[in-house]
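The NAD(+) binding site annotation in Swiss-Prot covers 66-69, D140, Q187, R190, 228-231, G279, D304, S307, 338-340, K353, 392-393, 421-422.
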Amino acid sequence: MPAVRTKSGHGVEYTDEAITATYSYNTTRVEKEANGDVTVQPIQLHLKFRTQRKVQRTGVMLIGWGGNNGTTVTAALMAHKHRXSWRTKTGTKQPDYLGSITQSSTMSVGLTSEMEEVFVPMKALVPMINPAELVIGGWDCSGMNIADAMRRAQVLDVTLQDALYNYLKDMHPLPAAFDLDFVAENQLSRADNIMQTKNKWESVEQLRADIRNFREKNSLEEVIVLWTANTERFSEHITGVHDTADHLIDAIRRNENEIAPSVLYATAAIMEGCSYVNGAPQNTLCAGLIELARRHGVFVVGDDFKSGQTKVKSGLVEFFMDAGIKPECIASYNHLGNNDGYNLAAPKQFRSKEVTKGGVLDDMVSSNSILYPPGSRGPDHCIVIKYLPYVGDSKRALDEYNFSIFMGGEQTVVLHNTCQDSLLAAPLIIDLVVLTELMHRVTVTQCDGEDCCDKKEKMTSYTHMETVLSLLSYLLKAPRVPEGTPVVNGLNRQGQAIKNVLRALVGLPPDNNMQLECRLPFLRGVGS
């Protein structure tokens, strides 16, 4: 992989310990008048980013380790670690990271003096963990070892399964915290590995012990806990239960009914100093949990992996609306036959998924008062998910988009997407872990003025990003954001946020695509 380094003397310092970058953040503040007029004030803030270069020895504990996603990502990482290969009818295959933005995407770093645009791997800009070096563990309500669970999932080619079987057969999930009130009753048949605790607080204590043992056994510096288990029903967030950290802890101690298993895992993770990622639709990340995470100085990330239909939708609707074309009606239909689909066949669990898939349009609709004037409704939008066992992990997504176009015209776009659900989700798990680990190593401070960044006495203390790590919204269907800040669902905007923050870490300006060097002849020689 090529080395990428910002030229010295441009506000960036590379040491063995850290990359320190002075950065001018140009933004705006807007005032809206009662008559609709808008006044925009440009603002420049002077920041200093510090990125620790030493990647932490990191483990990830997967909740739902024995499911399709958990076994697929574990098997894939073992294939990379042991450099496995496997034969298919089209030839011999090697392990890859297709679908991972950190491992398989590139980003522009600018133009050469000959006006050639240069792209580099995203992972080349700052030190990122090698996914094959992650230590994997976790919990599952099924006690089947990971090798047999991989075979049960029926996702990977049989020859690859056979090649990896011996690497996985001694991996066993820990007993899970399980409450049938929060998942479909049809999940009871595979629940043979349940934690034998008397109450919810005892479950939290056991989960904390599991995390400590995992960390100590594997000599880990960081542990990230990630939910990739079945979708829970929505919890009713109750004042006095979910609203503050202290209320939440007290509610768990008194065994409150409306505390879901996912909240127990998140609480245990946070209290053990681990960031928590919610890869499912349920509303785990209540106000009390976020306050608890802030208190312990860790991140929470959510909600729900954005892997297939919703990723396409968030990109396509953004594209059409940016073109001034009005979405009027969107009908989305899915069928799949894996255990995720089996669980979602229950109405309460489907409702959780419907909410996260349905909210993807909200901010884009509200952003365009020309297409959707105040008081008008957004596009008609419905979502259907059906369980058909025959198709297994090969999910079908069918979408019909209806648009209004120029002078009363109409346009219809129909998509049929066949994809293996877990092969799209597994790379997202990798990215969520890689980027969360990176953000553990990034701190930032604000300077008093443009020249103050060399004057340590005038700098406030370095701090991490906000507890709710909204930077990772690109990877999630229903991105959680800090309270009082806007939700962004547009796929391109989400992706650009990640890339531009990475650029900031090495002192580069945001990639705004102006490319004035190409449009103003007198700028062609600048920087030569």
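For all residues, glycine too, the Cβ spot is worked out from N, Cα and C.
Here the structure is a predicted model, which means the values were calculated and not measured.
Sequence features annotated in Swiss-Prot and their locations in the structure.
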residue: G66; record: NAD(+) binding site; CB count, 10 Å: 30
residue: N69; record: NAD(+) binding site; CB count, 10 Å: 30
residue: R190; record: NAD(+) binding site; CB count, 10 Å: 17
residue: N230; record: NAD(+) binding site; CB count, 10 Å: 22
residue: D304; record: NAD(+) binding site; CB count, 10 Å: 24
residue: N339; record: NAD(+) binding site; CB count, 10 Å: 24
residue: G392; record: NAD(+) binding site; CB count, 10 Å: 19
residue: S422; record: NAD(+) binding site; CB count, 10 Å: 27
